[in-house]
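These notes concern the structure reproduced below.
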């Protein structure tokens with residue numbers, strides 16, 4: 001795994017240093033030579049494999065954002081979503097402007113439902129001719145964001161094709177094979193039975209528990225996450241354990257010998273791996289279970305660490321990038337923690353007379369799993385459940401009964417339908433119980449808390465402390481005690497010294513699509529938002545920009561309170577995200593100008609309900625954000641009339657300038673030509689090193705005189721990818737380039753973080769990471 005990590009971070013010099021250290025030990029400790037030799041071989045193997053996968057690109061990358069025709073083979077059964085169908089295709093041939101290209105690679109096709117695509121029946125094995133737009137998936141676009149590119153790369157998919165208006169034509173059919181046909185047919189048949197006998201929420205939950213399907217409603221999913229039972233939704237070792245128990249009990253019931261039982265269990269494990277799409281957690285649990293049962297059969301001692309290591313090696317050999325997925329990390333750290341710490345915790349709990357053995361065992365497993373996954377959960381999700389141990393006492397036994405009843409219900413329905421229907425009725429009651437428990441526990445204010453993410457040195461420190469407390473690090477040995485003490489001092493010093501070092505000003509222009517949002521972090525730790533983005537009301541979007549972008553960014557940066565949230569003007573793409581944050585995270589004050597249009601009135605009522613003070617801002621005011629950092633309000637002036645016209649509201653956008661020693665930042669909202677001309681005519685000082693370009697780069701703003709007065713060295717354009725407005729306008733880009741070559745667009749570069757110590761700038765875009773530094 002170390003080799004794979006080195007391949008990801010691209011630190012070749014560190015790799016050479018590690019090899020040098022191994023060679024030194026190799027020379028001075030001859031008895032360890034063979035072991036060190038294999039370590040170096042696996043280190044190089046992991047580094048090489050990781051580099052190959054990281055540098056893998058799509059052969060379709062030269063056609064990014066172009067409409068093309070493809071001949072492709074459907075590799076798996078299509079997956080139906082709310083407004084689209086997802087298909088994994090193997091491309092054979094591509095056609096661009098009547099020219100043919102032989103291209104063989106996997107792509108993910110998103111077929112959006114319309115009159116051309118909704119009536120065609122597609123199944124695994126079909127050959128298709130289709131037309132759509134190629135897109136190369138992005139990596140992380142925002143702080144705390146999801147790495148969609150990595151997610152697809154772990155499946156060896158490097159491109160997607162979106163089909164919204166083109167037609168799909170069947171060219172033929174080639175069977176995927178007997179085994180795949182059996183697996184696809186079995187899963188489809190079982191899913192159909194479940195859907196016929198359970199209400200949608202219960203059916204989706206059961207398919208998620210059995211197969212890892214992810215079609216749950218957001219409310220149920222959030223309740224499971226916040227109550228600490230999200231592992232129920234991911235097919236994991238728990239589910240494999242239930243399968244093993246069920247099969248073992250059945251084989252024992254029929255007096256089948258050890259060899260026969262192992263063969264039957266192996267068959268069911270393989271089938272289950274295929275049914276669940278070969279998820280890392282299922283493969284890991286299945287391999288470990290097989291090794292455990294095999295060791296029992298041949299009377300050999302079972303070594304959990306060795307079994308876990310072999311399982312990890314086999315999973316990573318198919319694709320090293322799986323190492324960086326949350327599912328792999330959570331599965332393997334949970335298993336490792338159970339192996340290491342279960343005997344210790346269980347031993348303590350057994351000494352408590354008032355805890356029954358079965359309850360103590362369940363408590364021990366839950367507790368040690370949480371110990372192991374805590375740093376991973378904080379690293380990826382920035383939250384931990386405080387009641388998961390209690391919740392699991394209710395859920396895990398219920399889940400075992402639910403799975404047993406549901407599996408028997410499915411089998412019964414195939415033979416005796418009325419018995420199956422009765423058992424499905426019982427399953428529905430159990431689902432109601434589990435969903436109710438999740439709802440009740442997640443509704444407690446203390447059910448979960450958000451915390452800053454664990455980073456490298458903190459994870460290492462946490463691991464050393466846990467291993468030491470469990471007795472795996474022999475601190476009684478003097479040289480080990482000195483070594484561990486030294487490491488702990490260095491780690492604590494490294495973590496602590498960062499709090500005393502001078503901190504810079506950070507302004508992150510978030511990628512909120514066709515909207516604006518800037519997150520400001522001052523040296524002393526104050527946090528200010530200028531706008532929050534927001535999906536337009538005319539879009540049918542069940543998600544919120546606060547859930548997709550703002551909160552992940554806030555939590556990933558360890559922020560717990562917003563000191564000031566400023567709204568530049570009351571349009572959805574600026575105000576909506578701020579409204580959504582109210583009640584989700586403490587906000588000390590909201591800054592607006594005095595306007596009483598409908599959207600602003602709604603937000604004021606929401607702020608009043610949550611007891612958030614309102615600061616009315618007007619030109620001439622100054623706000624001290626931090627020592628030496630001043631925000632000047634340049635516009636608008638006084639009370640603004642309650643007009644709702646698009647241009648009128650845009651022109652009354654709040655214009656603010658932040659000064660920090662020699663560096664200045666100008667925020668312009670959506671002001672247009674009229675307000676720019678007024679500011680220039682009034683002689684307002686708009687000169688700034690960093691300009692947030694007005695109105696997403698529209699040609700109704702950024703006039704020649706205004707840009708000349710600003711004289712920016714860096715321009716940030718907050719704009720949605722492939723937006724319908726043609727933003728930014730090419731003429732505006734051309735005009736800005738006359739002043740600076742440093743133009744950062746959020747549609748192309750994702751979020752853009754600007755870091756300053758008051759004398760220079762460092763600019764870090766989240767995509768296409770070519771940094772700019774000026775002193």
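Glycine residues also receive a Cβ, built from the backbone N, Cα and C atoms like all the rest.
Automatic, uncurated: that is what TrEMBL annotation is.
The model shown is predicted, which means the values in this text are computed figures rather than measured ones.
Here TrEMBL flags 12-29 (among others) as transmembrane segment.
TrEMBL lists 35-52 (among others) with the feature transmembrane segment.
Nonlocal intrachain contacts for the transmembrane segment (224-247), taken as residues 6+ away from its ends with a CB within less than 8 angstroms of a stretch CB, comprise 205, 208-212, 214, 216, 261, 264-265, 268-269, 272, 276, 279, 281-282, 284-286, 288-289, 327, 331, 334-335, 369-370, 383, 385-389, 391-392, 395-396, 399-400, 403-404, 407, 434, 437-438, 441-442, 447-448. Annotated transmembrane segment per TrEMBL: 224-247 (among others), in sequence order.
Taken from TrEMBL, the feature transmembrane segment covers 267-293 (among others).
Annotation comment: TrEMBL describes 305-324 (among others) as transmembrane segment.
Residues 236-237, 280-281, 284-285, 288, 304-305, 308, 312, 355, 360-361, 363-365, 367-369, 371-373, 375-377, 466-467, 470-472 of the same chain sit 6 or more residues outside the transmembrane segment (330-349) yet have a Cβ under 8 Å from a Cβ within it. Taken from TrEMBL, the feature transmembrane segment covers 330-349 (among others).
Taken from TrEMBL, the feature transmembrane segment covers 361-381 (among others). Panel annotation: around the transmembrane segment (361-381), residues 228, 231, 326, 329-330, 333-338, 340-342, 345-346, 349, 355, 388-389, 392-393, 396-397, 451-455, 458-459, 462-463, 466 of the same chain, lying at least six beyond its termini, place a Cβ under 8 Å from a Cβ of the stretch.
The transmembrane segment feature in TrEMBL is assigned to 393-416 (among others). Below 8 angstroms of C-beta separation, residues 190, 193-194, 197, 206, 209-210, 229, 232, 238-239, 242, 246, 359, 362-363, 366, 423-424, 426-427, 430-431, 433-434, 437-438 of the same chain, each at least six residues beyond the ends of the transmembrane segment (393-416), sit close to that stretch.
Annotation source TrEMBL lists transmembrane segment at 423-444 (among others).
Residues or ranges marked as transmembrane segment by TrEMBL: 456-475 (among others).
Residues or ranges marked as transmembrane segment in TrEMBL: 482-501 (among others).
Per TrEMBL, domain 'Metallo-beta-lactamase' is recorded for 514-721.
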Overall pLDDT for the domain 'Metallo-beta-lactamase' (514-721), taken as the rounded mean: 90
